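Enquirer: Straight from Swiss-Prot, here's the annotation block:
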| type | residues | note |
| --- | --- | --- |
| ACT_SITE | Cys374 | active site, nucleophile |
| ACT_SITE | His500 | active site |
| ACT_SITE | Glu502 | active site |
| BINDING | Ser12, Asp147, Ile148, Glu149, Lys185, Thr186, Lys187, Pro188, Thr189, Gln190, Arg221 | CTP binding site |
| BINDING | Ser12, Lys185, Thr186, Lys187, Pro188, Thr189, Gln190, Arg221 | UTP binding site |
| BINDING | Gly13, Leu14, Gly15, Lys16, Gly17, Thr18, Asp70 | ATP binding site |
| BINDING | Tyr53, Gly347, Leu375, Gly376, Phe377, Gln378, Glu398, Arg455 | L-glutamine binding site |
| BINDING | Asp70, Glu140 | Mg(2+) binding site |
| DOMAIN | 294-527 | domain 'Glutamine amidotransferase type-1' |
| REGION | 1-264 | region 'Amidoligase domain' |
Amino acid sequence: MQYIVVTGGVISGLGKGTITSSIGHILKDSGFKVSSVKIDPYINYDAGTMNPYQHGEVFVLDDGSEVDLDLGNYERFMDINLSWKNNITTGKVYLEVIEKERHGDYLGKTVQIIPHITDEIKRRIRDVATSSKADFVLIEVGGTVGDIESMPFLEAVRQLKREENNVIFAHVTLVPEIGPTEEQKTKPTQHSVKALREIGIQPDIIFARSKNRLLEETKKRISLFTDVPEGGIISVYDVENVYLLPEVMVNEGFISYLSKLSGKEIKYRDSWKAYTENIKHPKDRVKIAIVGKYVDLHDAYISHKEAFSHVTGNTGIAVDIKWLDSEKVKDDQSMLSDVDAILIPGGFGYRGVEGKIAATRFALENHIPFLGICLGFQVAVIEIARDIIGLQNANSTEFDPATKYPVIDILPEQKGIKDLGGTMRLGSKKVLIKDGTLAKRIYGTDTIYERHRHRYEVNPNYISIIEKAGFVFSGTDEDGIRMEILEKKGDESFIATQYHSEFKSRPLNPSRVHLHLVQQALIYKKNKDIGEAVKLRSSV
């Protein structure tokens, strides 16, 4: 078993997570069993209560863990399912150590960063290695070398190499290109590696992030000042889509160099070849609006963005996302007039909800393909109740506790719960699909398992009323009590789900509802183009 530790220097946001994921994909595609660990140096226990503007999307695993979005990248690139063990935070580590101290596990010793905190970090890393039985365990250390929050984790992985001698260190740095000649500057990388060496870590590989491919002269200079052989300086230049990165790394000689370091023969099968060709050379394009309240930070909805990439890779239909602030859509639905489909993603809180309801109404009135996810499912129910059934001011008790028509209400088991972290209906749940429905045609089966993250549900008192209005709840939980899928009778282009199908979308197995939305968007676009052509001819 081999550990590969990925650290980052110079600045944050260089793409450590994507590089780690790409390493994992290359190894998995070469026949190795892989697992991964994301170390987040924040004191939060997990990502569950974080504002998306602070940290991007909260990703949900099968076991209900609310984790950093990088674990979503790991699952997608490596096609594996992870658990709570794969996300280590300062909060988890310190809480465990403090609880052990309270239990008397340290026998009266003074509890310190070294050895108690570092030992707990190593224990958690080794637990992943043991339980996964992986050939390679990838460890991404969040933050930037030099950050005070990361120091205990860097010390722990330094000790790990000293104790086991099966650790490869990979360091991600920035090579800026300055001036009109775009001269590649190596000084930031030199200083970053120097800072890493000062804490006892010598990188074995350097992933140099840059706008353009590294010049050979640049590689030689980095090698001279870092003691990393030129073959270990891997140029990671900008690509139009993250799924093209493994191909770049392979072409830059990463496989042969890693084979030498690990002593293992790595034979890459390139199972994504057709997939990446579709991404590079799509044959059609559609425009889909994502209407949310965190659209200024696209990472808040990264799993939807990636799900559309997966559809492109499998169909050759490229998706141009139009990011729309739901608060602005509330007052101006004309923003939606040029799109081929509308997606309403999940979310919490009242802000922006009326805009999402307005977008749903616009889709229904104009027969635009529609997909609602989680809160998007709930606002679809609210819109149907208000404007089709006529229940004026129908709402969710989340937004209006005193509403006359509470078509969405809190889950019974959620009543009385005060804590926010880890208390929702979370993780993979069984969904039963009814025969003769659009959902059955989309999935081709009567049972699926999808990931959830919600506190509210369709009020059972309104189910029959909604279905009498021309809609059908085509999916339920395994008890048939909780509504999971909503569709419009006789309409192939309207569907909403309580679950988050984007969390299980993979490059070679895209989310079925995202795939369906894109296919419907293309039909809508072509019909619209035909209609416009007919109008043009008739006016001549």
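Using N, Cα and C of the backbone, Cβ positions are placed for all residues, glycine too.
Neighbours and distances for these, please.
Expert: Around Cys374 (active site, nucleophile), the same-chain residues at least 6 positions away in sequence with a Cβ under 8 Å from its Cβ are Pro345, Gly346, Gly347, His452, Arg453, His454, Thr497, Gln498, Tyr499, His500.
There are 22 other CB atoms within 10 A of the CB of His500 (active site), with all protein chains counted.
DSSP assigns Glu502 (active site) to a helical segment in the three-state reduction. Less than 8 angstroms from the CB of Glu502 (active site) sit Ser303, His304, Glu306, Ala307, Ile373, Ser511, His514, each of them six or more residues away in the same chain.
Sequence-distant neighbours of Lys187 (CTP binding site) (same chain, six or more apart, CB under 8 Å from its CB) are absent.
For Arg221 (CTP binding site), the same-chain residues 6+ apart in sequence whose C-beta sits under 8 angstroms from its C-beta are Thr186.
A sphere of 10 angstroms centred on the C-beta of Leu14 (ATP binding site) encloses 19 other C-beta atoms.
Taking a C-beta cut-off of under 8 angstroms and a sequence separation of 6 or more, Leu375 (L-glutamine binding site) has the following same-chain neighbours: Ile344, Pro345, Gly346, Gly347, Phe348, Val353, Lys356, His454.
In sequence order, Val6, Lys16, Gly17, Thr20, Ser36, Val37, Lys38, Ile39, Asp70 are the residues near Glu140 (Mg(2+) binding site), counting only same-chain partners six or more apart with C-beta under 8 A. In the three-state DSSP scheme, Glu140 (Mg(2+) binding site) is classed as strand.
Confidence across the domain 'Glutamine amidotransferase type-1' (294-527), taken as the mean pLDDT and rounded to a whole number, stands at 95.
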Enquirer: How far apart, in Å, are the two Cα atoms that lie farthest from each other among Ser12, Lys185, Thr186, Lys187, Pro188, Thr189, Gln190, Arg221, the residues recorded as binding UTP?
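Expert: Max span of the UTP binding residues, Cα based, is 23 Å.
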Enquirer: Do you know offhand how many angstrom separate Thr18 (ATP binding site) and Ser12 (CTP binding site) by C-alpha?
Expert: 13
Enquirer: Fill in the CA-CA distance, Phe377 (L-glutamine binding site) to Pro188 (UTP binding site), as an integer in Å.
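Expert: That separation, Cα to Cα, works out to 48 Å.
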Enquirer: Near the ATP site, what residues other than Gly13, Leu14, Gly15, Lys16, Gly17, Thr18, Asp70 in the same chain have a C-beta no further than 8 Å from the centroid of the listed C-beta atoms?
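Expert: Near the ATP site, the remaining chain residues are Gly8, Ile19, Thr20, Val172.
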Enquirer: Please compare the binding-site residues Thr186, Thr189, Gln378 by how many other CB atoms fall within 10 Å of each one's CB, and tell me which has the fewest.
Expert: Thr186
